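A.B. asks: Sharing a structure with you now.
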Amino acid sequence: MALVCGAPLASRSCLNKSLISSTHELKPLRRTILPTLRWKSATPSINMCLTTSNSVDAVQRRIANHHSNLWDDDFIQSLSTPYEAPSYRERAERLIGEVKEMFESMGPNNDLLQRLSMVESVERLGIDRHFKNEIKSALDYVYSHWNEKGIGCGRDSVVSDLNSTALALRTLRLHGYPVSSDVLEHFKDQKGRFACSSIKTEGEIRSLLNLFRASLVAFPNEKVMEEAEIFSTTYLKEAVQKIPVSSLSRQIEYNMEYGWHTNLPRLEARNYMGDMIHVMPYMNAEKLLELAKLEFNIFHSLQERELKHLSRWWKDSGFSQLTFVRHRHVEYYTLASCIDIDPKHSAFRLGFAKMCHLITVLDDIYDTFGTMDELKLFTAAIKRWDPSATEWLPEYMKGVYMVVYETVNEMAGEAKKSQGRDTINYARQAWEAYIDSYMKEAEWISSGCLPTFEEYYENGKVSFGYQISVLQPILTLDVPLPHHILQEIIFPSRFNGLASGILRLKGDTRCYQADRARGEEASCISCYMNDNPGATEEDALNHIHAMVNELMKEFNWELLKPDNNVPVSSKKHAFDITRAVHHGYKYRDGYSVANNEIKNLVITTVLEPVPL
């Protein structure tokens, strides 16, 4: 029950004899790829049969028969791109200089809105890392004109307007400026409703779109933000049905689809490129667009190199021979490269993908393939943290243990380059807590025990694996994290607890039916219903969705609170990992079965460049 959802516990499981003949001999999976296809499709099912074991007695196992790796290693190694040529980088550098000049050429009538629009555009296009100083200067300027009624379009504006105020509220809050949502009260009518016309002009629709986007960065107990979200959601749903298909309608649909907590920056950049000329008609948007496309494709060339490295790691580690586990390393890398597009952060992206894949492998071992005796041995081996601990492990576990051991130590080496100290003890503590939480779930299933909601939820926040996926990758970033600051990010900090809780709850709402069909009863839904006799499944889901909504607001506060002494970049990366994983659970469990949304994400953000 980790970062991904698996089948039920091993002690009641079985393995297909044709796939693995014994724990000593793993037959390699024969993988092929059709030249006209980028992925293979498969339908998961459950196989039940006996397989031979080390002992005289046969071991009964259950295997979830997950579909094979969709992204063949031969295909990955064959990828090529022309965008590594120096001429593309040289052209991008010239455009960066020209775009910096655009930040300065603004008139007094709409200079506030123009500055906000520039900041928003470079961020949504994924090129903001080149303009950190310009963004800060622009937002300092806007904030200097902010008052209790918001702002107008320009410094000479005598009245505030909703479009500029909503955009400023969201942008300033995301950058840590102390702005109050109370300004929105000034845009209500005498009946306490947000004022709007019945005509729904394009300008008004854009204002309500910015109001909707602002409402998503709400803090706890901000009633006006709740009202803004409800009102703008209803308004935009009606508007998108009436206006013709256009850049505006596409932006409404995208923002209502992904919001903020499931939005991925690189996916948004790809989407926004097609519409930003229409969004910024009063600026030289062509330069921004050309720069964004160049940067997208230059980073695409780096993605290919990193993906080849990851695919070789997956193949050389022997994971391709473990036919009972899910192979989602390409999907995990895609998520990593959708939230961090800084070329210097290769260790972060690859580390996140590797950690997530290890979590998936262990999830399939603990939830599906391993027996209780095997799981106890593996848990003890993790706590010893010594290659000699593999002596008593079954053959298939020996290889997995060594990959975990070597990868975690390798990541600690990368972290030492950034942190200037050995951080392996943090990683070991995280892995021990993670494995212990797995064993607790294994014992619940083995004994037929259904824990209380609170007990399941607290354990599930650890077993989800968020701590493992975050800890070592953020330590590789070029931001020193001394012990007292790191404690505010890692478990059991408030920040980490909120992130883990959100993902555990969201994951369970997407996985519980499939898990229950495979015999695994414990979930937030079943535990809530057991604690509250008479509660229906719908009652449980409503309760959990309400919990998630409140936790999201608290999470916003932990990330954005103005007195935050933790480096923003570190918390932002941890927050973005939450967004990435949450994205996979938007409609269903996108990790057990790689659905079309996940496949398309890989293609549009990693495999395909944009036309220049």
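Quick reminder: no glycine exception, Cβ is built from N, Cα and C everywhere.
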A.B. asks: Of the residue ranges 83-87, 173-177, 363-367, which one carries the motif 'DDXXD motif' annotation in Swiss-Prot?
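C.D. replies: Here Swiss-Prot associates motif 'DDXXD motif' with the stretch 363-367.
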A.B. asks: Under a three-state reduction of DSSP output, how is D363 (Mg(2+) 1 binding site) classified: helix, strand, or coil?
C.D. replies: helix
A.B. asks: How many Å separate the Cα atoms of D363 (Mg(2+) 1 binding site) and D515 (Mg(2+) 3 binding site)?
C.D. replies: 13
A.B. asks: Mind telling me which of the binding-site residues D363, D367, D515 has the densest Cβ neighbourhood, counting other Cβ atoms within 10 Å?
C.D. replies: D367
A.B. asks: Taking DSSP as the reference, which of helix, strand or coil describes D515 (Mg(2+) 3 binding site)?
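C.D. replies: Looking at the DSSP assignment, D515 (Mg(2+) 3 binding site) belongs to a helix.
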